[in-house]
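Asks: Quick one: the structure is below, and I'll ask about it shortly.
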Amino acid sequence: MENTKDLTEHSSRSERKRRDSFGMFDGYDSCSEDTSSSSSSEESEEEVAPLPSNLPIIKNNGQVYTYPDGKSGMATCEMCGMVGVRDAFYSKTKRFCSVSCSRSYSSNSKKASILARLQVTGKPPTKKAKVLQKQPLVAKLAAYAQYQATLQNQAKTKSVAVSVEGFSWGNYISSNSFIAAPVTCFKHAPMGTCWGDISENVRVEVPNTDCSLPTKVFWIAGIVKLAGYNALLRYEGFENDSGLDFWCNICGSDIHPVGWCAASGKPLVPPRTIQHKYTNWKAFLVKRLTGAKTLPPDFSQKVSESMQYPFKPCMRVEVVDKRHLCRTRVAVVESVIGGRLRLVYEESEDRTDDFWCHMHSPLIHHIGWSRSIGHRFKRSDITKKQDGHFDTPPHLFAKVKEVDQSGEWFKEGMKLEAIDPLNLSTICVATIRKVLADGFLMIGIDGSEAADGSDWFCYHATSPSIFPVGFCEINMIELTPPRGYTKLPFKWFDYLRETGSIAAPVKLFNKDVPNHGFRVGMKLEAVDLMEPRLICVATVTRIIHRLLRIHFDGWEEEYDQWVDCESPDLYPVGWCQLTGYQLQPPASQSSRESQSGSSKQKKKAKSQQYKGHKKMTTLQLKEELIDGEDYNFLQGASDQESNGSANFYIKQEP
């Protein structure tokens, strides 16, 4: 019993000595000290793995080992396959790494080999074997660590070369001193509502890449700068030296709160560049971390929970017909990425006729929505649900604000201003063509409407994409007059008199302006709503209360889009990396890579797509509506994206 107690106490002391409260290895507290005190073979075995190969001498539990310099070349043990420095190998021929491997090879018995048991069978070595390989094994592991470090450095150099060719948010922001919109601006994005006070100077535990150990080790770093989900980190101990600063996604799986290593049994090892600066790293960390902030203990759990989405593949929805905005169609969820849905129209046989939108987009609705409000709907040729497909529960869709239509309300023929869904860079003169149920309105753009209403679109009465007469003038936004209207500059008073129309009452519009947090010049990732499968590097260039002007970096201003501050098509910097979505880099980067004019051709093609989109859509509608596939249950049209709004009585500088 006493022997058992002694062993327990000895093991406990060894564990306490080996790792402190920060998860640091005790040897780093006095790495420059010289001592010849001995330790048991068992302790030596425990301390073998974490030996850092970059230091010429490391004190580890009282033993001092000198690392080979590697100048004499490498060798491979013919028995166990261990790679190490040739001079450290056993025998004159340098064929084996230890006496045990030499004897095992001679007896032609791999099962008798200590390293074979460790590496192949997983069986622990005998006590006798430990004694045999005690010091040679340490030397071998030290050499092996150097060898692994060389491979890691080569791989690291390769990976850096590859990343330079692609787009890097970190390089883009650092080299231009840009500012990114904070995560709290995006309530629909992961962690948007529970980001907390994560800011500069918050400390985290991250992998130590400035280390030559064969195993993964960690060190503490502080946030120097935040850009959305991305953080510029600096290892503790570097002070004002930014030489090894690096960008990473703060929501990544390798980012942990301080204390995680100690709780998880992971080693904290200082970067080799600064290992010489302090002899007592534990005392250094205690001083630096006292009073410092770190991530919440459940941060990674919150990240995981915020990336769980209720929409699943095979769910059926009603979604706007991308070719005919006046109607909806049935589509099936094909995939979900970061809350964005790839919807495949139900009639698409090869499953290539798709449409991308966020699960909170006002463009999607539950099955039966069109019939309930009188929205035009394209009947599907598929009369029976396909196996495995099921209707999405109605409660999963974004809710619209309830309105009272019994009193003063919108009426057909009333004039207003609205974002053109086919050219989101413009706000146009528009007319309410029909009033649907539940507060939905059919809107037509003056001067470009088809006689049959096939190019009307639908906004809810509370949509931030519709504005009262005079909104653009008050807020110094260029209003697009009706096509063919010659009395310029356009004046609402004259136009209302000429058309015998009245303006929609200002009090009926949504005038709520949230404290969104956006500022001019902030960077973000934004959906190109003219091609919604694309998410691009973008900038906020104007803010009119809740209305944002989004500019796609590298493109001309004619491709800008007016978007609401709460639009689910805006994301923090780093969202694509976090969710695995492909980010489109600034167009200017493509032009720098190729001087042949390919970028200009791309821009020209996009311009033609924008300018020809509306005309093509109207013509297609006129042809296809003859087929009689549309059903007007009550009135008609389609729901369109909610982007924009403002306080209509306050003039704001551009």
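Each residue, glycine too, has its Cβ placed from N, Cα and C.
Summarising the annotation, TrEMBL assigns compositional bias 'Basic and acidic residues' to 1-21. If you look up TrEMBL, you'll see 588-599 marked as compositional bias 'Low complexity'. The compositional bias 'Basic residues' annotation in TrEMBL covers 600-616. The domain 'FCS-type' feature in TrEMBL is assigned to 68-103. The region 'Disordered' feature in TrEMBL is assigned to 1-55, 586-616. Per TrEMBL, repeat 'MBT' is recorded for 167-271, 279-375, 377-482, 490-586.
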Asks: As a quick check of your reading of DSSP, tell me how many residues in the repeat 'MBT' (167-271) are helical, how many are strand and how many are coil.
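Replies: Each residue of the repeat 'MBT' (167-271) counted once, the result is 16 helix, 30 strand, 59 coil.
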Asks: Per DSSP, what is the residue tally for the repeat 'MBT' (279-375) in helix, strand and coil?
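Replies: The breakdown for the repeat 'MBT' (279-375) reads 22 helix, 35 strand, 40 coil.
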Asks: What counts of helix, strand and coil residues does DSSP assign across the repeat 'MBT' (377-482)?
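Replies: Output for the repeat 'MBT' (377-482) reads 10 helix, 37 strand, 59 coil.
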